[in-house]
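Copied over from TrEMBL:
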type: BINDING; residues: SER101, GLU120, ALA121; note: FAD binding site
type: DOMAIN; residues: 100-558; note: domain 'Amine oxidase'
type: SIGNAL; residues: 1-21; note: signal peptide
Amino acid sequence: MKSSLLAVAALIAAAASPCTAFVPNVSPLARQSSPSFSLGGRRHRHQPRSSLVMRDFPKPNLEDTDNYRFAETMSTSFKTSLKITDPSQKKKVAIIGGGLSGLACAKYLSDAGHEPIVYEARDVLGGKVSAWQDEDGDWIETGLHIFFGAYPNMMNMFAELGIHDRLQWKIHQMIFAMQELPGEFTTFDFIPGIPAPFNFGLAILMNQKMLTLAEKIQTAPPLLPMLIEGQPFIDAQDELSVTDFMRKYGMPERINEEVFIAMAKALDFIDPDKLSMTVVLTAMNRFLNESNGLQMAFLDGNQPDRLCEPMVKHIEARGGTVRTSAPIKEIVTNDDGTVKHLLLRSGEKIVADEYISAMPVDIVKRMVPQKWQNMPYFRQFDELEGIPVINLHMWFDRKLKAVDHLCFSRSPLLSVYADMSVTCKEYADEDASMLELVFAPCSPLAGGNTNWISKSDEEIIDATMGELARLFPTEIAADDKWPATSEQGPGGQAKLRKYAVVKVPRSVYAAIPGRNKYRPSQTTPIPHFTMAGDWTSQKFLGSMEGAVLGGKLAAEVVANRALGNPDKPIKDIQQHIIDAAPSHVPKAPIGVKGDGAIAFGAGAQLSKKNEALLKESDPAQFDAPVAV
């Protein structure tokens, strides 16, 4: 692998031809031949049609990687070596939480012959990938979710469910807004047919807009240990922030401004001086070792119908059950600390052979039974918390210049965005744009200077309109309703006609330096109680892929135990956690207050009632800025 990276470095001499900036609507796809279709949706007859058409690219070869083969082998094991061979081995498994991790867990347990029952507190499935319709019938999504080629467990599950045709693959490219050239973008272009890691290196080397040749040369050596030593080196960098790592290894400061800020905000919604370098190296390791790892796809419609529903149908066809509007009030224990039953808010008692938590870490901490609270396994949860993020939907009265892809804004306020009227079939509209944007970092808890979680929707949208005026300087109109647009020239015509602000006070776990070692194993010290979730210990971080893998690993623990095999080991716990655990004073669990998405760890448009509840249950969201 060392020789591979050195060979990539040798390509520097061939990187003389520049990859120039391009203006959106002069499609970067023009030189590619691929299937396409016309946009549909609402028609605003007074507006001209956009010249840009949506283009889908063929599904890349995702299967020819070690990670995919491992994921496929693990999936197959639930139908073979982990499948029950006698009816007496069949277990009734109660799973708390109907997000991706809980549904994936139930899917694989049903494959192994067990009877999973998912209890979702809300009336919609998906957790952090949930979505709902507003009064106009438009879909509001909790987050802007992108599917990468380097998501082996997710891609394998799509194959098992027969829904690969629901992914809209885009050209193999990364698109960045040009800070110094408002309205223009630059790209990393991955040339078809060139294998990893050469395609990644060449894509960076050919771009002449973001880093100088000298800066590119300086950037390569610090990445060599990642490729030579692999995961041990990656894990060892968890104590360093991205910024610390750069300075330790003499990387140029401008790579932070040009690349790492955008990358950090996309990966974990925080800036690089707060993000663990392990997160960035994990992602880069996947992308450098898998030729199509960075190729991106959009789901062709809303997540509940296009992703969650096929999972539910698979589970139910094999004897499992998925229940919504079934919030758990308490995990009730016996005198010896084992689980007696789950108590629903309705008063119903759920007795099962096995219990699995697929709740977010911040909700789990509120539910830990008193008898478990002195155990080091559960005390380490105190070191983990979800990161705040805001997802925006903005409908304009006409078409903006756009690209059929995800865009890295490189904005102080925004992470990534996409014009969903161009990228997604269900949201397609020939005549008007709908931007979905990730607003991050949005809180002192994420290292930001302003607590946007506590701001009104109007303040957030006004700030965003100011950023969009920079991204689309000739298109966004000066609008008295949005003071941030006041300096726009007379040429801008596009006005905002509708918006939705989705606040997620506790999203994926905050991957700040030193946190990885506290992520728990799926096996717990409580008999017949297992932990799932993207925040549990697995190598794909807090992501959709991590959620699927976390659920899959939890299912493996239960299926393995059902066959009479020894439990998977519990991950080592830090000594200082072990030493401090006995002095903790146990209290009755706080439990979850209120109803709705915010109460159960997801995102929602924040009503006054929900805001008051959030202030009571999570006052840190409204604190003054402090260091993470």
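Every residue, even glycine, has its Cβ placed from backbone N, Cα and C.
Automated prediction, rather than curation, is the source of TrEMBL annotations.
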For SER101 (FAD binding site): intrachain residues, at least 6 apart, with Cβ closer than 8 Å: GLY127, ALA358, ALA532, GLY533, ASP534, ALA547, VAL548, GLY550, GLY551, ALA554
Maximum Cα-Cα separation in Å among residues SER101, GLU120, ALA121, which the record lists as binding FAD: 15
Number of Cβ atoms other than its own within 10 Å, given for ALA121 (FAD binding site): 27
Check: same-chain CB within 8 A of FAD site center, minus SER101, GLU120, ALA121: ILE95, ILE96, GLY97, GLY98, GLY99, GLY102, VAL118, TYR119, ARG122, LEU125, GLY127, ALA358, MET359, PHE600
Integer mean pLDDT for the domain 'Amine oxidase' (100-558): 93
CB contacts for GLU120 (FAD binding site) [other CB atoms within 10 A, all chains]: 27
